[in-house]
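What TrEMBL lists as domain 'MrpA C-terminal/MbhD' is 10-75. Residues or ranges marked as transmembrane segment by TrEMBL: 6-22, 29-46, 52-71.
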Amino acid sequence: MTGLRILLLVLLIICTIAVSFSKNLLVSVVIYMAFSLVMSIIWLILESPDLAITEAAVGAGVTSILFFVTLKKIRSIRTTAEEDIDE
């Protein structure tokens, strides 16, 4: 069990470093989602299922969906702005 805890903590550290150096916003959102899933597993190991469910639902679920929708809106705004410039 100690090996699993160390592995999960290393994954968390890797996720935080990777999201810090990521230049692509979509990749950052996916890394954030992975971070939330790993964190929910850690909450389960710490015998806190209520926090694990909340982290999985809010962190990996709702927040990630909101980030994806926001990125889609930003890209559509950029596309519209580029079309206006071309005209």
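Glycine residues also receive a Cβ, built from the backbone N, Cα and C atoms like all the rest.
TrEMBL: automatically predicted annotations, no manual curation.
Here the structure is a predicted model, which means the values were calculated and not measured.
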* Go ahead and report the DSSP secondary structure tallies for the domain 'MrpA C-terminal/MbhD' (10-75): helix first, then strand, then coil. => 60 helix, 0 strand, 6 coil
* State the residues, same chain only, that lie 6 or more residues beyond the ends of the transmembrane segment (29-46) and have a CB under 8 A from a CB inside it; answer 'none' if no residue qualifies. => 1, 4-5, 8-9, 11-12, 15-16, 18-19, 22, 52-53, 55-56, 59-60, 63-64, 67-68, 71
